[in-house]
Amino acid sequence: MRTLILCFSLLFALLTQPAWAIFGNNAGNNTGTASFAPTQNRFVPVDEAFPFNAFQQGSTLFIDWQVKEGYYLYQDRISISGENLEIGEYSLTEGEPYHDEFFGDVKIYTTPLSVPLPLVAYQSGAKVIVQYQGCAKAGFCYPPETRVIDITPFNAESNRVIEPKTNTSTQTTLPQTDNAPTSAQDSLANKLAQNWWTPLLFLALGVGLAFTPCVLPMYPILTSIVLGGAQLTQRRALLLSVIYVQGMALTYTLLGLVVASAGLQFQAALQHPYVLMGLSVLFVALALSMFGLYSLQLPSGVQTWLNSLSNAQQGGSLPGVFAMGAISGLVCSPCTTAPLSGALLYVAQSGDLLTGAVALYALAIGMGIPLILVAVFGNKLLPKAGNWMERVKTLFGFVLLAAPIFLLERIVPEFWSSVLWSALGLAAFGWLYHVKNSLPFGGWKQSLIGIVAILGLLASAQPLLNHWLAPTQTAQQVKQIQFTRIANLSELQSALAEAKAQGKSVMLDFYADWCVACKEFEKYTFHAKQVENKLSGFVLLQADVTKNQPQDIELLKALNVLGLPTIEFWNAQGEPVPNARITGFMAEQPFLDHLTQQGL
């Protein structure tokens with residue numbers, strides 16, 4: 001397969017372009033009055049943006065959200081748990097793909113959502129706790145919202161309420177809605193339609209793994225074992241090889257399901273910075289094994305036992321061949337251990353059972369395609385072994401190195417994320433240019449590889465050159481406006497009193513890690529030199545409400561803050577400036593114009 005390296009080099013050219021992320025969120029209450037800054041809000045309260053309803057029918061609780069036009073809910077921020085109550089399995093309709101510069105790719109809901117929740121075992125005081133978050137498309141995010149629903153006793157077998165009683169929850173009304181839950185087959189179709197690229201990518205990776213030096217030379221031997229050493233018709237050979245591959249695919253699919261299921265239980269932990277750093281180190285270790293620094297494989301004793309178990313099966317028979325394939329899926333060669341581990345880490349991160357099963361099944365099918373071809377058409381279809389197989393293995397190492405950058409760019413500044421992508425691109429395309437003369441083809445194909453490598457080097461070097469050629473701008477971006485953090489209402493009152501004594505105006509910025517537009521303010525507005533000069537005479541305060549703790553909620557209510565970003569202003573006399581509040585992102589010039597209009 002002489003065009004394989006061509007395909008992978010073009011694929012890598014796409015992979016090494018910086019990937020920017022999404023994810024935002026969330027909801028707060030609007031029950032307080034603006035004791036500090038009675039300002040008109042541009043955005044509606046959370047209960048108007050995402051009207052929430054729930055009603056219980058026997059042993060099923062139906063949870064419904066309406067979504068106002070111009071707003072959306074985040075799928076991965078919807079959490080449902082029980083208190084004194086066992087909840088059965090449930091699923092959310094697959095959300096729409098959405099991309100954001102700062103938080104990556106997530107799924108969102110822009111239309112009504114209904115979740116039928118099966119209730120299994122009731123205890124006195126049973127409650128269902130629902131958490132969710134959402135944003136406005138205009139760049140305004142709500143803090144996390146929590147709803148508590150009291151559950152009446154029920155009979156799970158008869159599906160009828162035994163002792164109806166009035167719902168005492170003060171947080172949630174329970175009117176019935178007309179939203180019908182999405183059927184299982186529709187949900188499955190939506191998942192497959194929205195993640196169509198995942199199986200194709202894993203299929204391509206499987207084919208690529210087949211051409212590594214630990215795998216390709218084994219295909220003729222493996223084919224002989226599968227066919228039982230007999231001369232068979234092409235139809236029989238095709239059937240046996242397909243059955244073998246299906247056995248291997250079954251093992252991979254089960255691995256995908258198990259790992260995705262485990263990942264689903266720890267999705268919050270998998271987003272923690274320390275966990276992301278740990279996973280990044282693991283991916284780097286896997287990549288280094290592909291570069292030949294060391295070998296990763298099962299312990300020799302385990303491999304010997306699995307091989308003997310596989311050899312005990314009867315080649316040429318359908319059950320025996322299927323069993324051989326299933327067992328072979330557990331025997332990872334040094335060339336496949338790292339990529340397979342990386343694939344399993346990917347599906348663990350996704351926490352999606354369907355994605356895990358389909359991705360690993362496609363990977364196994366990709367690895368099995370050459371085996372099927374050899375079984376049916378003979379060894380003449382296989383390319384000659386050579387150093388080019390080591391090149392394929394090394395290429396997988398660079399692909400694995402892209403994974404930790406995807407993970408780390410969620411927690412490192414954009415500048416360092418750009419540096420990491422540039423470094424990876426320079427290393428990969430530099431290696432590709434270095435080895436182009438040793439590839440198993442010449443002529444225009446070799447020239448094309450050289451052109452791709454040079455273009456990749458130039459593209460990878462561009463971000464670094466931009467920083468080096470504009471040192472003033474880079475230094476300006478690294479240096480951020482220094483805010484004084486306040487944690488509660490008392491600290492705000494003290495800071496306002498101190499600023500009044502100094503005769504200085506005050507700007508209070510509400511910030512949260514989940515707020516997309518807050519990061520836009522940091523990157524584009526607060527880094528601007530003119531904005532820095534304008535705010536040099538202000539007392540700059542910042543409240544980090546990421547955790548949405550009681551003191552954060554108290555502060556938000558006191559200032560009638562519905563969501564983020566929100567920026568408040570007080571003049572030098574310590575009085576709130578009418579109509580000065582900023583909700584939603586403002587670029588440099590509109591921000592400066594706004595301050596001027598408000599006399600600040």
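Glycine residues also receive a Cβ, built from the backbone N, Cα and C atoms like all the rest.
The compositional bias 'Low complexity' feature in Swiss-Prot is assigned to 166-177.
Residue density at Cys141 (disulfide bond): 25 other Cβ atoms are found within 10 A of its Cβ, drawing on all protein chains shown. In three-state terms derived from DSSP, Cys141 (disulfide bond) belongs to an extended strand segment. Swiss-Prot lists Cys135-Cys141 (among others) with the feature disulfide bond.
Marked as disulfide bond by Swiss-Prot on the basis of similarity to another entry: Cys214-Cys335 (among others).
Per Swiss-Prot, the feature disulfide bond maps to Cys515-Cys518 (among others). The number of other Cβ atoms within 10 Å of the Cβ belonging to Cys518 (disulfide bond), over all protein chains shown, comes to 26. Cys518 (disulfide bond) falls within a helix when secondary structure is assigned with DSSP.
Per Swiss-Prot, the feature domain 'Thioredoxin' maps to 458-600.
Positions annotated as region 'Disordered' by Swiss-Prot: 164-183.
Residues or ranges marked as signal peptide in Swiss-Prot (evidence: sequence analysis): 1-21.
What Swiss-Prot lists as topological domain 'Periplasmic' is 22-195 (among others), and the listing cites sequence analysis.
Here the topological domain 'Cytoplasmic' (217-238) has a mean pLDDT of 65 out of 100. As annotated by Swiss-Prot, topological domain 'Cytoplasmic' applies to 217-238 (among others).
For 260-273 (among others), the entry in Swiss-Prot reads topological domain 'Periplasmic'.
The topological domain 'Cytoplasmic' annotation in Swiss-Prot covers 295-314 (among others) and is backed by sequence analysis.
The topological domain 'Periplasmic' feature in Swiss-Prot is assigned to 336-356 (among others).
According to Swiss-Prot, the feature topological domain 'Cytoplasmic' maps to 378-391 (among others), an assignment based on sequence analysis.
The annotation topological domain 'Periplasmic' is assigned in Swiss-Prot to 460-600 (among others). Taken through DSSP, the topological domain 'Periplasmic' (460-600) splits into 70 helix, 23 strand, 48 coil.
Per Swiss-Prot, transmembrane segment is recorded for 196-216 (among others), and the stated evidence type is sequence analysis.
According to Swiss-Prot, the feature transmembrane segment maps to 239-259 (among others).
Annotated pair Cys515 (disulfide bond) and Cys141 (disulfide bond), C-alpha to C-alpha distance, rounded: 6 Å. Under the DSSP three-state reduction, Cys135 (disulfide bond) is assigned to strand. All chains included, 29 other C-beta atoms sit within 10 angstroms of the C-beta of Cys135 (disulfide bond). Between the CA atoms of Cys135 (disulfide bond) and Cys518 (disulfide bond) there is a gap of 12 Å, rounded to the nearest whole number.
Residue pair Cys141 (disulfide bond) / Cys518 (disulfide bond) shows a Cα separation of 9 Å.
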